[in-house]
Amino acid sequence: MKKIKCALIGPGNIGTDLLYKLRRSTVLEPVWMVGVDPASDGLARAREFGLKTTDKGVDGLLPHVAADEIRIAFDATSAYVHRDNSDKLTALGVKMIDLTPAAIGPYCVPPVNLDAHLDSAQTNVNMVTCGGQATIPMVYAVSRVQPVAYGEIVATVSSRSVGPGTRKNIDEFTRTTSGAIEQVGGARKGKAIIVINPAEPPLIMRDTIHCLTDGPPDVDAITASVHAMVKEVQRYVPGYTLKNGPVFDGNRVSVFMEVEGLGDYLPKYAGNLDIMTAAAAATAERFAEQMLAATAATA
């Protein structure tokens, strides 16, 4: 079966974990890995897998986009450089999947709003943040039952799973996640907190979600909605687990999640990486299926 060729920008923790997932895809073929450090472990690993690599950043990829038929690019670098990367590649007709908190394109949380993006001509979609991917489905599970006045999430991740790019983007993480809690999750006001836990051995990703509903919560409907949404996320993140809840206290609905990774590049405790890369891969696969269908229709 024909596959859509893609490039990965940023050979760090997220980019390398994503590479493992793309190599298993039936519709995506990773052909380029882009970095800036010639000694990068991620670039070396990509070469071992047979990818073409450059340590000259996106500028090193641009001359090859047309010849190598790159249709989709994943940016796993930093919010500070994403706009420049995106402008250069979308000008060549490449669809960008943004794994930084830059959020210059619309937010995408696959089980909530991916279908809406398939029907639009977006050239850039933003995968929010690891905390957003883990928690926004739960906020939405409540808000689709009844209005949510306030949604607050706390994402706790192991220090060892957090690379330098994420550490530089903590402010962007909180702003982007808070915005997506409102725009995608459906809360009128959103707040996001990230806790980087240095404990050894490293702890698995844990997420706490609190929603304040307008009026008394519909216990049965919200409980059913939360359980249904957990199953939706588990289709691409099998380690997404409801540990407790929903717990009801007055107008407050609390949900407690745990995210275990597949252990592709980093150990299973790094569920924060896994949910981000799995969501990006799932999103790109839907775009690829759409591209392949369009190609078949014109053939």
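Quick reminder: no glycine exception, Cβ is built from N, Cα and C everywhere.
Remember, it's a predicted structure, so these values are computed and weren't measured experimentally.
According to Swiss-Prot, the protein carries these features:
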- CYS130: active site, acyl-thioester intermediate (ACT_SITE)
- SER161, VAL162, GLY163, PRO164, GLY165, THR166, ARG167, LYS168, ASN169, ASN272: NAD(+) binding site (BINDING)
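In this structure, CYS130 (active site, acyl-thioester intermediate) is part of a helix by DSSP. It is ARG167, among the binding-site residues GLY163, GLY165, ARG167, ASN169, whose Cβ has the fewest other Cβ atoms within 10 Å in the structure shown. Taking every protein chain shown into account, CYS130, SER161 are the recorded positions, and of these the Cβ with the most other Cβ atoms within 10 Å belongs to CYS130.
Site extent for NAD(+): the farthest pair of Cα atoms among SER161, VAL162, GLY163, PRO164, GLY165, THR166, ARG167, LYS168, ASN169, ASN272 sits 16 Å apart.
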